[in-house]
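**Student:** Below you'll find the structure I mean.
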């Protein structure tokens, strides 16, 4: 009915009805034609409907099609743009109001249906099979497979198919388990990265809809949308420049050219999706989205590679390789010794008869014996390779990454997880990180007098009018008040919102009236270097030209030669008065207030300077009149002092780098605990310019002592990071601005802000702090240390197993000519135990004691002296016990050889179970602290014990074991439990600071 009613109201109604009649007539003619043709096929013909539905909205309801829109922007086609009436003509064709944006949800769904959505198909994720095939490329796995094939062949040759497959089959099973676990872990990690990628790509974009500025997801952008762009934003779709000033775009992601492109309404109004705003601000109208843009087509073919090898993984792979080489050398030595023993007649069978008796020995017997010796050597290679190490790293990194996400930290680079644990210095921003970023104007000065909140009526009205004009026209923010609601809605940066809120609610500023009453000639946009913004405007009422500046108070003050007092009297700003103003600014700054000044002057048309060759008007920067000063309060975040204190206790230096003046910076730093009461303040607080002007030698000498750098530029931050790295520090840097990108990239760990951070900053960072809170930075530090600590725990546990098993088998093989632990038993200990051990130790949560130790730094070895002490003590104890059982077990306990071998195997496993508790704490003697919270650890210990009971009592043939009685089980448990008191005593032995390997002159 709506469509029919729209026909009556439509212009040229006669033509529309004529079209409608033709459609009805033609459709009925066609219907009757098909009906006649189908009479023979259908006995029953459905009656023809008495009406025909006509879609009065044609397929293309807009006056311009997608192909034309795409061509205009992609080809930068000025001729076609002009043909369609310029930007205004395109807006009219797209039914977009340049001022108020598009209409509501119904209009959006219609546009999405016709022009498509702002999404692109992602490349298919890597399948599980891909990770299985990748696992087979591991050298360790290939060695194990060779061992399995040899063991299977030799076993079947020696013992027949029925029992000969046990050793080889168990190695194949072990390989299967390790490949399955690592593939599952990598597959899940890949899926996790996909989710994180989706989350990090879901950027919030400022758009104007129904006259209201609001934030929407980049995926919700539609053709016709009016998008607001500012410094640091990513252009969300292809479009046309509508309005704005000094817009410069970095198109290097599209063209590879590093030069910034200037975009304006006349010469170059074309904006491309995926490019970045480096200066200025603007409104753009979207013309193409999703796959209709070049960026969309490019991104749909790019898959994120998550096969990045972290530094710790590289070190562990090197360690695994080194241990494997040692294992091969020992195995070869054992092979040579056993062969010599055999062929010299020193090897005897169970009855004490020589196995080799020269030419009397059958060839088949020689072959069987040699096969057995080779199988023993293969067993030693198997036990030497620490299969659990790579798995432990993967598990702990994936686990910590998931947990860090829950703790408001999104990991973009996996290596950052572990590097953060080594951080020695954190360089942090102030605004929004140490403070709440909830700004409010709390002080207002007119001339040399403060104006109380309820006394604004005492200020000269024309001065208030000038301040309102400066606030309304010299801003990147906006004010919206809906007709239905009485509350105002402010948008923009926190500082802009605070000033707009104060001007509207306290000064009763009418922003719409002021903006309509003036036309802007030129804008100088705010950036972190200038720390001020200016506007040159012409009033429509009297045609006068005015300049307004707003920015850091001491910067704007230097541009002024006069000032207004509260009564509106114009006075000269001499050096004495200037000093008084500086004292006012310092007083506000000392109260942790950010001080902003407003200045203005009227200029004649002849005074409007034009930049050479650019044809742009210059915004006058001197001889201004100071209108007033405001103090903006941004309170410190709750808990930030405690977070800073915990960093300092952990030996991590916290340095604050801010654009605020030195007095505000010092006040906030003291409030946050970065500057302490009893601290030597000489050289602790510097300004960016002072630091920049030091010689390189002076910078290196003084950088450690600096705690606060005020009035800093992004270049100063980069300079400080470079100096700290030169001095051997591992540096973490927080940043939110586009200009912070170089420092974030240069730092060992770049931490960008999720709320205030620009897209450029986020792309340059390793970790995104989702809540912009410094406490979350400390959480990341704790998790980083936890990752490193968990890996070290597991290395200690794994190497104890490897050293003990290798030594026992080597000594027994050389001295007795046989190995006490079979391939199946060793694989059970070395793989299943270590896989479960990896899961138990790699998923330990961060503890408070992690933040009581100094940072690891850049050069400390992975296996510390403490770890060498712990693992050697436990390995020597296990070697002593097991060799005693090997050579004297049968006589001491009066048992058969089969039971004695089972006692050796069971005691070895029990030693590992109890040693797993010791591995929980590398230095602390109380290994049970916090154990009740580690439910996964306790569960895994339980599962390990149950599996061991099954192995000994029920899988006798497979594991080559004999059943044990209660007394024998008690003995095994007692021998295993002895590792607790040994661990407790050993941890009292001091170790030297110098790494153990340095004493052996072995290069780390």
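Each Cβ is built from the backbone N, Cα and C atoms, and glycine gets one as well.
All TrEMBL annotations are machine predictions without curation.
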**Student:** Ranges 761-779, 780-798, 799-817, 856-874: which does TrEMBL label transmembrane segment?
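**Tutor:** In TrEMBL, the transmembrane segment feature sits at 799-817.
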**Student:** Is it the case that the transmembrane segment (168-187) and the transmembrane segment (135-156) touch, counting contact as three or more CB pairs under 8 Å in which the residues of each pair are 6 or more positions apart?
**Tutor:** yes
**Student:** Six or more residues beyond either end and a Cβ under 8 Å away: which residues meet both conditions relative to the transmembrane segment (966-986)?
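**Tutor:** Answer is 869-870, 873-874, 877-878, 881, 893, 895, 899, 903, 906-907, 909-915, 917-918, 925, 927.
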**Student:** Mind checking which residues of the chain, 6+ beyond the ends of the transmembrane segment (799-817), have their Cβ under 8 Å from one of its Cβ atoms?
**Tutor:** 323, 326-327, 330, 333-334, 337-338, 341-342, 346-348, 376, 379-380, 383-384, 386, 826, 829-830, 833-834, 863, 870-872, 874-875, 878-879, 882-883, 886-887, 908, 911-912, 915
**Student:** Please report, as numbers and ranges, the same-chain residues at least 6 past the borders of the transmembrane segment (323-343) whose CB is under 8 Å from any CB of it.
**Tutor:** 139-140, 143, 355-356, 369-370, 373-374, 376-378, 380-381, 383-386, 799, 802, 806, 809-810, 813-814, 817
**Student:** Apart from its near flanks, which chain residues at least 6 from the ends of the transmembrane segment (377-400) lie with a Cβ under 8 angstroms of it?
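**Tutor:** Non-local partners: 138, 140, 143-144, 147, 150-151, 154, 167, 171, 174, 178, 181-182, 185-186, 188-189, 192, 310, 312-313, 316-317, 319-320, 323-324, 326-328, 330-332, 334-335, 338, 414, 417-418, 783, 786-787, 790-791, 794-795, 798-799, 802, 805-806, 809-810, 813, 819, 821-823, 826-827, 829-831, 834-835, 837-839, 841-843.
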**Student:** Take the domain 'Cation-transporting P-type ATPase N-terminal' (83-156) and average the pLDDT across it for me.
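**Tutor:** Averaged over the domain 'Cation-transporting P-type ATPase N-terminal' (83-156), per-residue pLDDT gives 83.
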**Student:** Please report, as numbers and ranges, the same-chain residues at least 6 past the borders of the transmembrane segment (936-954) whose CB is under 8 Å from any CB of it.
**Tutor:** 828, 832-833, 836-837, 839-841, 843-844, 902, 905-906, 909-910, 913, 916, 920, 961, 963-964
